[in-house]
């Protein structure tokens, strides 16, 4: 499942790059387009759809109680893995495009006489101290090639980490996912916290009680974000249509081929419910977290509202059709 979710992000990014080239998307919206095409709503929508489908009397997934429990587990795992990918993969990409757009804007702005005079003085000052900088670099060449290589590696790592905001990467959803993985995989901790006879079961029950309020809260957040789509925005119709086509047509079709190929190669078991979850991960609308990231960078907030409005309005129909087709395919 983590590999499948990663593939949805990578393939969505590739399709978004093609969409950007075709529609000639403005630079300040390119990161938003990639985020909307790559990150699907793996959270509350899966937690709503999967248990509801599993509880149907004519469900193709077997016993309704067992399928509902397993479906909720699969959906929760998807939400946890998706949160990690969004705040690492998508966040970094949108930040890079936001910084690039800001740099292009700054270079296109006219420079006043006072600013050019300050720049001239600064360049003269730097040229006057160039001898000191050469002397500082001299020990690196004397100390040998190994130190020079290590210095280059250190600078590359430093440049890469400078692009990453650990406070954003370690968002509450990411920390919760990591804690959940630790509790679920470490047997002593799981015995202490999970189960009716566990000594610390109050922690599990309290977390479950808070988690039950997540779906209605997320629904309210979705509604408030979609309200921005009613306002005027500068995003073109071709970009919106392209994002809708990527999320509702191209990604689901590609997902069928990937999941079927993985099943044929023995990488996925014959559990029809599990395959249904894997297929559904390709057919979801954009994640609302993309709007949060757009707000953080102040890039395309209004445009994001328009994209989310149309994506979620059309996803009601597309999700119904794809869910029906997937259940027929897995019978």
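From the backbone N, Cα and C atoms, a Cβ is placed for every residue, glycine too.
Bear in mind that the values here come from a model prediction, so they are computed numbers and not experimental data.
As recorded in TrEMBL, the features of this protein are as follows:
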- 6-23: transmembrane segment (TRANSMEM)
- 32-53: transmembrane segment (TRANSMEM)
- 73-92: transmembrane segment (TRANSMEM)
- 168-189: transmembrane segment (TRANSMEM)
- 209-227: transmembrane segment (TRANSMEM)
- 239-261: transmembrane segment (TRANSMEM)
- 273-297: transmembrane segment (TRANSMEM)
- 309-329: transmembrane segment (TRANSMEM)
Region pair the transmembrane segment (6-23) / the transmembrane segment (239-261), three or more CB pairs under 8 Å: yes
Same-chain residue ranges lying at least 6 outside the transmembrane segment (239-261) that approach it to Cβ under 8 Å: 4, 7-8, 11-12, 15-16, 19, 22-23, 25, 29, 33, 36-37, 40, 268, 275, 278-279, 281-286, 306-307, 310-311, 314-315, 318, 322, 329
